[in-house]
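Asks: I am attaching a structure below and will ask some questions about it afterwards.
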Amino acid sequence: MLFKQQALLRQKLFLLGSLAIGSLLYLVARVGSLDRLQPICPIESRLGPPHLPEQFPLRTLQYKRGLLHEIRKGNATKEQIRLHNLVQQLPRAIIIGVRKGGTRALLEMLNLHPAVVKASQEIHFFDNEQNYARGIDWYREKMPFSFLHQITIEKSPAYFITEEVPERIFKMNSSIKLLIIVREPTTRAVSDYTQVLEGKERKNKTYHKFEKLAIDGNTCDVNTKYKAVRTSIYTKHLERWLKFFPVEHFHIVDGDRLITDPLPELQLVERFLNLPSRISRYNLYFNATRGFYCLRFNNVFNKCLAGSKGRIHPEVDPSVVAKLRKFFHPFNQKFYQITGRTFNWP
């Protein structure tokens, strides 16, 4: 009898051991296959819970906006700063690009939210060697004063295309949220050119036509050495960021839609940042003279973007536009696949 019981026990132990080894082998194989997968993630699945109101004393923050405004103007005393427990916080979200995609408009519109505080100027900490050498404390001192429950956001669009930046930001905060605002790549390239052209004209300097810069005169191919073209190859830059951050840390904003109908885009960003929804139609009104939406903080304070926004683009040869759109098309398709967001770009 004892022999039979021992034999039965050995058989059960053998079966349990086999199951354990099989499960372990499955998990090892599964992890290996996941590492090889392209990080594709639909945008909806990356958005956080729509409301976390208990974390944000929004009514209090709304009333204290005036104090923060006085601090930015340099009118607040050290005693006021101490009494209200105001601090300069490192950003928990950064608008990393892209240039001429609408980064300033996005930052100003997000500042409508009472739980968001923006850095007024582009800091250029991570893309500028001299600034980066000054250290993280220098960077913190460039941030606005805020209440502890507020999120500080800065924007420096050069971050997106500068090779050293992803690793530097990762070292500061590996869980930071990253915002990328994009426009149709050819339109963005022309807008980039237009800004540089205006600067040249102000200094009475001549500048090449867009067509000559965007197309290589020797090969008649798209000139990828031209910075305005290179910046619009979004997927090439994003792939460098994905070496450090998972795709869930990025949110893609439609810069073209932000111009025509900004509220839905802002609501998606609120969800991505886990902020309670507070930006409404009341906060945005269309200025027919400017052709852009302006911001309404309250019954007294309104704000429109700078007059430099909405520059008239020069006429570009249609054949060059078509060549550029054909060139960008495969890169756009890969960008859609990686980010999980599709745009109606030609």
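Our numbering is plain: 1 for the first residue shown, then up by one each step along the chain.
Glycine residues also receive a Cβ, built from the backbone N, Cα and C atoms like all the rest.
Taken from TrEMBL, the feature active site, for sulfotransferase activity covers Lys100. Per TrEMBL, 3'-phosphoadenylyl sulfate binding site is recorded for Lys100, Gly101, Gly102, Thr103, Arg104, Arg183, Ser191, Tyr293, Lys309, Gly310, Arg311, Ile312, His313. Under the heading disulfide bond, TrEMBL lists Cys294-Cys304. Marked as domain 'Sulfotransferase' by TrEMBL: 91-335.
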Asks: If you measure Arg104 (3'-phosphoadenylyl sulfate binding site) to Cys304 (disulfide bond) at Cα, how many Å is it?
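Replies: Distance between the two Cα atoms comes out at 11 Å.
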Asks: So how many other Cβ atoms are close to His313 (3'-phosphoadenylyl sulfate binding site), meaning within 10 Å of its Cβ?
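Replies: Step by step: centre on the Cβ of His313 (3'-phosphoadenylyl sulfate binding site), count other Cβ atoms within 10 Å, giving 13.
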Asks: Using Cα coordinates, what distance in whole Å links Cys304 (disulfide bond) and Lys100 (active site, for sulfotransferase activity)?
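Replies: Cys304 (disulfide bond) and Lys100 (active site, for sulfotransferase activity) have their Cα atoms 17 Å apart.
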Asks: Around Arg311 (3'-phosphoadenylyl sulfate binding site), how many other CB atoms lie within 10 A of its CB?
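Replies: A 10 Å sphere around the Cβ of Arg311 (3'-phosphoadenylyl sulfate binding site) contains 13 other Cβ atoms.
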Asks: Across the whole of the domain 'Sulfotransferase' (91-335), what does the mean pLDDT come to? Round it, please.
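Replies: That region's mean pLDDT is 94.
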Asks: Mind giving me a neighbour count for Arg104 (3'-phosphoadenylyl sulfate binding site)? Other Cβ atoms within 10 Å of its Cβ, every protein chain shown.
Replies: 18
Asks: Ranking the recorded positions Lys100, Gly102, Ser191, Cys294 by other Cβ atoms within 10 Å, which is at the bottom?
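Replies: If we count Cβ atoms within 10 Å for the recorded positions Lys100, Gly102, Ser191, Cys294, the smallest count is at Cys294.
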Asks: What whole-number Å value do you get for the CA-CA distance of His313 (3'-phosphoadenylyl sulfate binding site) and the residue listed as 'active site, for sulfotransferase activity'?
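Replies: The residue listed as 'active site, for sulfotransferase activity' has its Cα 12 Å from the Cα of His313 (3'-phosphoadenylyl sulfate binding site).
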